[in-house]
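The block underneath contains the structure these notes are about, expressed in structure tokens.
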Amino acid sequence: MDKTLSREEAKQLMQLLCLDMSCWGNLPLMRRQYLVKCKEYHPDKGGNEESMKLLNSLYLKLQDSVSSVHDLNEEEDNIWQSSQIPTYGTPDWDEWWSQFNTYWEEELRCNESMPSSPKRSAPEEEPSCSQATPPKKKHAFDASLEFPKELLEFVSHAVFSNKCITCFVVHTTREKGEVLYKKLLQKYQCSFISKHAFYNTVLIFFLTPHKHRVSAINNFCKGHCTVSFLFCKGVNNPYGLYSRMCRQPFNLCEENIPGGLKENEFNPEDLFGEPKEPSLSWNQIANFALEFDIDDVYYLLGSYIRFATKPEECEKCSKNDDATHKRVHVQNHENAVLLQESKSQKNACTQAIDRVIAERRYNCVTLTRKKLLTKRFKKLFNEMDKIVVGERKILLYMASIAWYTGLNKKIDELVVRFLKLIVDNKPKHRYWLFKGPINSGKTTLATALLNLCGGKALNINIPSEKLPFELGVALDQYMVVFEDVKGQIGIEKQLPSGNGVNNLDNLRDYLDGCVEVNLEKKHVNKRSQIFPPGIVTMNEYCIPETVAVRFEKTVMFTIKRNLRESLEKTPQLLSQRILHSGIAMLLLLIWYRPVSDFDEEIQSNVVYWKEVLDNYIGLTEFATMQMNVTNGKNILEKWFE
């Protein structure tokens, strides 16, 4: 203690601790008094701040000094061992003695040299009466310093892990090993437990019927080892660890199963806990959304939960009308039951929608526009197999073709030219303008073309500050329709005014398609892409020259009374949205165009549907439909009363 603090500092510290100097060196007493005085001197308790600072500095200095002295003593003890002392009087002993003295403090060294004594003649060597100090016995190996190196390859080395496992090994003293062996067996109902001696310590190996974290086992054991050392580890190779602890330097003490364990006796439940309960497969939901191209969270959730009903109790499955539905229902029934019970239904469906958007983004970047259109047609053909079933449905779709023929005699050429426009997507030749009076068929045709190719309709009659998010809807879309654009000045005074034409004039880069533009959605980062081509529909507004030159073609519409009357008398075309569907446009192309006009990948589908249409309606019947349209009659008057 004399090497820790100076005499004056020691007196100051003892005065602050209110202890007599006779107690100097009684570290436990000084520690207790220090904690008491900290509460007394602390400024928050009304004490003296200066006294508190002085007490802390002196006490911390004392602690550091005591630690340094202990370290020095340990170094001195470890300099040499008695077994290493050479024989006294030999040159080796002189060298060892010189090395031994180098560790002592400088002031204790003595560099004096003794005067040499006169040599005396010795006819005979007398036997030496001195001998070296006998070597001390080696201390027994202390196995409590670290976990046995022989077992490191079998255990987990994770420091912080939430993984739950069923196999553990605990390393502690012999005394605590006796206690923990019984406590662990009782607490965790171990399916197997064994105790192994390792020098002066004990290892306990055990398997639990249920999964636990290593930290939970460690905390339980610490409650019984407040002073004794403790190592607790999870086991990666249970049988390898157990068999190694049955060989030297380990000794098997006891185990709850006579004869121990053999490698083939380990069941999966022993190693991995209880059989894993089936969990909700988010990937299966995503695959379903990808197959049917669903990008609406709530529609996906509603559709998928329907599969929770048993297939044998499902009306659609029992009718056998839709083979695809029955296949998908059987595949997804078990997962749908889990989704129904899950608390993360929306999260699972949101991730599935993200997969759909990611797939769409990938296709937009990697596939050509012709390939994308072919893929869209394939999807429509799949829908036709489910929707266009039976004579009544086919006649309704043929009636829509007759109506479009009445709208434009060369409707097929118009559609083919438009498809070529959006497939080529040439800069400054990407947009058509549909212009005409109210109820002249502009929106009907534009919507059908939009559904044929796939895309979104946009409203740009809104204030300019709201435009960025409206335009962001066009992200990854094949085409767009700027619907019912309003201008400031119209040929007819009763037309309402709006910001549409003015906003369109400010979107020249969007219409031209020469450079990439930034598109953004809420909660999504901006992305640069060429804005998709499309159609602009408007009434008879005046268009500035800067906007007009950006339209590759302007299609003028006029009011045809017979078209309106035939629709009124054939309400199914509107109520069932047949006239606005992409299927109607695709059937129109199949009816009018030769097979060679279609891509080779879908020519077989085109041939099939041409045969289907020919079986239900011939040229004479179709001519009758056209005549009914021209006369403003019910298009299906001959077939439906």
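Note that Cβ sites are derived from N, Cα and C of the backbone, with glycine treated the same way.
Summarising the annotation, Swiss-Prot assigns N-acetylmethionine to M1 and lists similarity to another entry as the type of evidence.
Annotation source Swiss-Prot lists domain 'J' at 12-80.
According to Swiss-Prot, the feature motif 'LXCXE motif' maps to 108-112.
Annotation comment: Swiss-Prot describes 114-136 as region 'Disordered'.
If you look up Swiss-Prot, you'll see S117 marked as phosphoserine.
Under the heading motif 'Nuclear localization signal', Swiss-Prot lists 134-141, citing similarity to another entry as support. For the motif 'Nuclear localization signal' (134-141), the model's pLDDT averages out at 55.
Each residue of the DNA-binding region (148-263) gets a DSSP state, and the totals for helix, strand and coil are 38 helix, 43 strand, 35 coil. Taken from Swiss-Prot, the feature DNA-binding region covers 148-263.
For C314, C317, H325, H329, the entry in Swiss-Prot reads Zn(2+) binding site. Within its own chain, C314 (Zn(2+) binding site) has H329 as residues 6 or more apart in sequence whose C-beta sits under 8 angstroms from its own. According to its DSSP assignment, C314 (Zn(2+) binding site) is coil.
Swiss-Prot lists 410-572 with the feature domain 'SF3 helicase'.
Taking a C-beta cut-off of under 8 Å and a sequence gap of six or more, K442 (ATP binding site) has these contacts in its own chain: F434, K435, G436, T537, M538, F557. Feature annotation from Swiss-Prot assigns ATP binding site to G436, P437, I438, N439, S440, G441, K442, T443.
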Original post:
Which one of these binding-site residues has the most other Cβ atoms within 10 Å of its own Cβ: G436, P437, G441?
Top reply: G441
Original post:
If you draw a 10 Å sphere on the Cβ of S440 (ATP binding site), how many other Cβ atoms land inside?
Top reply: 21
Original post:
If you count Cβ atoms within 10 Å of each one, which of the binding-site residues C317, I438 comes out on top?
Top reply: C317
Original post:
What's the CA-CA gap between N439 (ATP binding site) and H325 (Zn(2+) binding site) in angstrom, rounded?
Top reply: 39
Subject >> For T443 (ATP binding site), nearby residues of its own chain (Cβ under 8 Å, 6 or more apart in sequence) >> reply: F434, E483, D484, T537
Subject >> Nearest-integer angstrom distance between the alpha carbons (Cα) of S440 (ATP binding site) and H325 (Zn(2+) binding site) >> reply: 39
Original post:
Just the number: how many Å between the Cα atoms of G441 (ATP binding site) and H325 (Zn(2+) binding site)?
Top reply: 36
Original post:
Quick one: Cα separation, I438 (ATP binding site) versus C317 (Zn(2+) binding site), in Å?
Top reply: 45
